[in-house]
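Features reported for this protein in Swiss-Prot:
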type	residues	note
TRANSMEM	11-31	transmembrane segment
TRANSMEM	51-71	transmembrane segment
TRANSMEM	76-96	transmembrane segment
TRANSMEM	101-121	transmembrane segment
TRANSMEM	135-155	transmembrane segment
TRANSMEM	163-183	transmembrane segment
TRANSMEM	205-225	transmembrane segment
TRANSMEM	245-265	transmembrane segment
TRANSMEM	273-293	transmembrane segment
TRANSMEM	299-319	transmembrane segment
TRANSMEM	333-353	transmembrane segment
TRANSMEM	362-382	transmembrane segment
Amino acid sequence: MTNRDRIGLTWISFFSYALTGAVVIVTGMVLENIAAYFQLPVAQMSNTFTFLNAGILLAVFLNAWLMEIVPLKRQLIFGFVLMVLAVLGLMNSHSLSVFSLCMFVLGVVSGITMSIGTFLITHLYEGRQRGSRLLFTDSFFSMAGTLFPIIAAAILARSLPWYWVYACIGVIYVAIFILALCFEFPQLGKKAVQGQPVAKEKWGLGVALLAVAALCYILGQLGFIGWVPQYATKNMGMDITEAGSVVGYFWTAYMIGMWAFSAILRFFDPQRIVTALALASTLLMYWFINTTDASMLKWIIMGLGFFSSAIYTTIITLGSLQTKVSSPKLVNFILTCGTIGTMLTFVVTGPIVDKAGFHAALATTNSLYAVVFLMCLLLGFVSKHKQHGHMDPH
């Protein structure tokens, strides 16, 4: 593989995370407008976004095998066609069934691109460099989280239809599509060059702990961010623009944190640092949902964004380091568990909001962060990442 191809594929990975971040994160911003569009209660409307999350889950789960059957370039081209059809469906239909189908298709497209993006980084880079590259790649998720709530707020504040937010997100896939046509992808499966057969390795208890941590982290994070706009407006008296800014502060700090930790992780044991970050994030989220001073929210959420930024990517990195040879199926398994957390976001938090309000939903997400801390702490006793020599300097 040429260096030109490596750089091009790395940029596809960056944009794949930006796409998924944009699709998932804008939900909290457009939810109320979509509910009004379909004349449904917000809590009921939130359930339809389960189709989005189910699409992501299905695509990530199946792509562990499909990557070896269907060439990566062909998958991305097919994804572009699906993206165009989904956005056109959102713009031209008033049917809730069509909306749900389009959300599912958007989820499938996001899941395909994110799993390909993650695989490319774990395939192209090794050891400590893999961890820092994954972190930088994941920072594009938070860049989208910074940019698209601002775009969504601007669109909604001007009384433009909510579906223009998704049209803007589609521009990211245009970039992925163009890059996919310009660069060569690694060949997998039967077409790949056969080297020496590698003995199958047992994944071990560490992978199970990381899988639970990934699920609880994503469920906690997206449940938190998904309801923060409503919590800020209904409980703390902010307007929609201020609420969008609070979400933007989180993702801006998240992005900065990723850049910082992509350098820091080179010098520290990833298991220890992820445990410390999970503890700090749990405490900061507790402070956020219990403060009565609205002016403090932006400062607390910036701290939360910064310290939680490296958790999920470090979980994936630690998972890939549990075996001597990086396994796409292992990485996709942890991604799938994280995606299950995405799918459960509104399934779990929607009924809590309906019965007990926004504060109770945020308290639930806080308890999920506490579980992440516990899993990372227990991982210290069983992790194999040091045994395989992955932590040697490169």
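Any Cβ shown, glycine's included, is placed from N, Cα and C.
Predicted, not measured: the structure shown is a model, and the values here were computed from it.
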Same-chain residue ranges lying at least 6 outside the transmembrane segment (76-96) that approach it to Cβ under 8 Å: 12, 38, 40, 48, 102, 105-106, 108-109, 112-113, 116, 161, 163, 166-167, 170, 173-174, 176-177, 180-181
Contact call for the transmembrane segment (101-121) against the transmembrane segment (11-31), three or more Cβ pairs under 8 Å: yes
Paired segments the transmembrane segment (205-225) and the transmembrane segment (51-71) in contact, 3+ CB pairs under 8 A: no
Contact check, the transmembrane segment (51-71) vs the transmembrane segment (273-293), 3+ Cβ pairs under 8 Å, seq sep 6+: no
